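Undergrad: Per Swiss-Prot, the features are:
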TOPO_DOM  1-7  topological domain 'Cytoplasmic'
TRANSMEM  8-28  transmembrane segment
CARBOHYD  N89  N-linked glycosylation site
BINDING   L166, Y203, H300  protein binding site
BINDING   K267, K269, Y271, R280, Y319, Y324, R346, E349  UDP binding site
CARBOHYD  N330  N-linked glycosylation site
Amino acid sequence: MQAKKRYFILLSAGSCLALLFYFGGLQFRASRSHSRREEHSGRNGLHHPSPDHFWPRFPDALRPFVPWDQLENEDSSVHISPRQKRDANSSIYKGKKCRMESCFDFTLCKKNGFKVYVYPQQKGEKIAESYQNILAAIEGSRFYTSDPSQACLFVLSLDTLDRDQLSPQYVHNLRSKVQSLHLWNNGRNHLIFNLYSGTWPDYTEDVGFDIGQAMLAKASISTENFRPNFDVSIPLFSKDHPRTGGERGFLKFNTIPPLRKYMLVFKGKRYLTGIGSDTRNALYHVHNGEDVVLLTTCKHGKDWQKHKDSRCDRDNTEYEKYDYREMLHNATFCLVPRGRRLGSFRFLEALQAACVPVMLSNGWELPFSEVINWNQAAVIGDERLLLQIPSTIRSIHQDKILALRQQTQFLWEAYFSSVEKIVLTTLEIIQDRIFKHISRNSLIWNKHPGGLFVLPQYSSYLGDFPYYYANLGLKPPSKFTAVIHAVTPLVSQSQPVLKLLVAAAKSQYCAQIIVLWNCDKPLPAKHRWPATAVPVVVIEGESKVMSSRFLPYDNIITDAVLSLDEDTVLSTTEVDFAFTVWQSFPERIVGYPARSHFWDNSKERWGYTSKWTNDYSMVLTGAAIYHKYYHYLYSHYLPASLKNMVDQLANCEDILMNFLVSAVTKLPPIKVTQKKQYKETMMGQTSRASRWADPDHFAQRQSCMNTFASWFGYMPLIHSQMRLDPVLFKDQVSILRKKYRDIERL
């Protein structure tokens, strides 16, 4: 038996050896004959093979330097429909593989930072008001540059918003006009804004010209055509959308439970034929006429009667019974179904009204989805599951509804209430892509105050901002830096500035004192300053203008800043109490001198008053505590025009700081104690401090109020009637039981 096995193994080995020699010999002969041909061709002056010619060739899997358009055309015929083949040269599909890494030149942004250039408007070109607002928002931003050599991003002055060929706003011959721009460079580093694309009957997303490698900031863009980390999805907004500012959200107070008269509402057109008609034609199945009110009308378009169905008359009658605004403000959820295009005006209307949007538009890339978590503010539905929508929203807990409603208000006010905010959000998203090492995270974008007011260039650590202490489980700062703004020379040891310096230095919370010397006279000698237990740093301003008091000096070592005018009169106890109050409200201005604003109906302008009334809206920075971050925001967020105005007038810097902080926090400042007089009355009338007694000084502040309100687009100041006093303040109890007992004597 074993002999048979041995014979079988030998026979198998011999057969394998014979096969190996046979096939190997064939390949060897083929190789030799090929070699002879190559050698013969070499003798005749033809191609001579390289030494590594016979090594096997493998395709380069990485191919790091393949042009983007070559990648685009590669395997283009695989897995595409006949329609896609017909449209292969249209702008819908060209550049579909573009990403920041392949179609954006980062080197333009390294030298000068993120600067945006807007092409000059060409003669005879019509521009719609909405596009004018977009361009104005860019030109008024801190990103704008008029020098194309300094630019990182380019925006066309040609109106690209409405690319519906049936629209009167449609710009003809845009393809040739764009190609003739000398900076176009096939769209590289360009941003194109678009609200409407395509036309009847299919409303494709074709913008009608080759966008090349340009980015799209587009409304109603589908997830299929959206290029992640390259395009930006923006909301569809009307031509009446405000350019700046915008109305605040309509949620004035939180009701518990958060349920309203209607559970779910919608009022809009019903499309009888064509794209977008399926969902709206089926809404009547869900409508119950009680807490679910979904109304549609057939009365729109020129030939609606030609296509009207048996339900049209009944739907039109029901449609007229309800007021849309009344429904919107009294509904818990608002249905946002797709129209002819994926986006809808109902989306922004629902956000502003604190009506939780129920999205019913399959395939829509939601606005700013790259940074906004829409699950915190909306219910994402499915058109195929329309009949399940009512039961789904009824199952949502009341706590969740309240959280959704509050988030709608935050998102509306932070990113959508004006054209300017929509444009700036778009630019900030692109800037975060370019400078990823200092980009904002999801918490910043989805928590108050939002991504537009939190500048990552200030710090990459959230604990350095005053808004996230609770989220991070951090305590507010335990020390402050006193910054004293000095504008008069030292001529006497009894001057108020020296008394103020000593009082601030005695505070248990004081880490250091900075004297900002904005006086025309030279710095006094060191021995002229009093000895203190904390360091005293004297900084001489280079420009010596009013805005210099709010520069983000590196010398400020604490997050808390006690801002003081040189003639302020405060005791150590008052400083301590104000700081302990600020620790509970680190995002606000906390201090002593309060002022207010009002609307003057006779002059139709804002007014400024220092009269003592039952409310206030400003706390002046002559004796106030706030977070150091507001120095950075004042210097880098506000436009140069406002700061130049402050410097020229040598006035209004404290008002501008109050405008800024109220715009960020949406909250009023906090006044402490009932103290009214905070200035030294014995200051010499020849000093610059006597400007407070100058009537022109007060008139300038009136003018400043209106200029600031015009730039912000609304009045950000908020009135408050709250004043914080120490516990047992003025109570008829023993003085020994009171912590801040000296305050009552002042």
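Cβ coordinates come from backbone N, Cα and C, glycine included.
Bear in mind that the values here come from a model prediction, so they are computed numbers and not experimental data.
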Undergrad: Ranked by the number of other Cβ atoms within 10 Å of their own Cβ, which of the binding-site residues Y271, Y319, Y324 ranks first?
TA: Y271
Undergrad: Out of these binding-site residues, K267, K269, R280, H300, R346, which one has the fewest other C-beta atoms within 10 Å of its own C-beta?
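TA: With the binding-site residues K267, K269, R280, H300, R346, fewest surrounding Cβ atoms within 10 Å: H300.
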Undergrad: Compare the Cα of Y319 (UDP binding site) against each of the recorded positions L166, Y203, H300, N330 and report the nearest.
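TA: So, of the listed recorded positions, the one sitting closest to Y319 (UDP binding site) is H300.
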Undergrad: Please average pLDDT over the topological domain 'Cytoplasmic' (1-7) for the predicted structure.
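TA: Computed over the topological domain 'Cytoplasmic' (1-7), the mean pLDDT is 60 on the 0 to 100 scale.
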Undergrad: If you run the three-state DSSP split on Y324 (UDP binding site), which class comes out?
TA: helix
Undergrad: Take the Cβ of Y203 (protein binding site) and count every other Cβ within 10 Å, whichever protein chain it belongs to.
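TA: Y203 (protein binding site) is surrounded by 19 other Cβ atoms within 10 Å.
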Undergrad: Once the DSSP letters are reduced so that anything not helix or strand counts as coil, what is H300 (protein binding site)?
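TA: It is coil.
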Undergrad: Taking the recorded positions one at a time (L166, N330, E349), which has its Cβ surrounded by the most other Cβ atoms within 10 Å?
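TA: In terms of Cβ crowding, the pick is E349.
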Undergrad: In Å, how large is the greatest distance between any two Cα atoms among K267, K269, Y271, R280, Y319, Y324, R346, E349, the listed binders of UDP?
TA: 21
Undergrad: Nearest to Y203 (protein binding site) in three-dimensional space, by Cα, is which of the recorded positions K267, R280, N330, R346?
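TA: Among K267, R280, N330, R346, R280.
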Undergrad: C-alpha of Y324 (UDP binding site) to C-alpha of H300 (protein binding site): distance in Å?
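TA: H300 (protein binding site) has its Cα 17 Å from the Cα of Y324 (UDP binding site).
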Undergrad: Between the Cα atoms of L166 (protein binding site) and Y271 (UDP binding site), find the distance and write it as a whole number of Å.
TA: 18
Undergrad: Widest Cα span across the protein binders L166, Y203, H300, in Å?
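TA: Maximum Cα-Cα distance: 18 Å.
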Undergrad: Between the Cα atoms of H300 (protein binding site) and E349 (UDP binding site), find the distance and write it as a whole number of Å.
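TA: Between the Cα atoms of H300 (protein binding site) and E349 (UDP binding site), the distance comes to 21 Å.
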Undergrad: Under a three-state reading of DSSP, tell me whether K267 (UDP binding site) is helix, strand or coil.
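TA: Going by the DSSP assignment, K267 (UDP binding site) falls within a strand, counted as strand.
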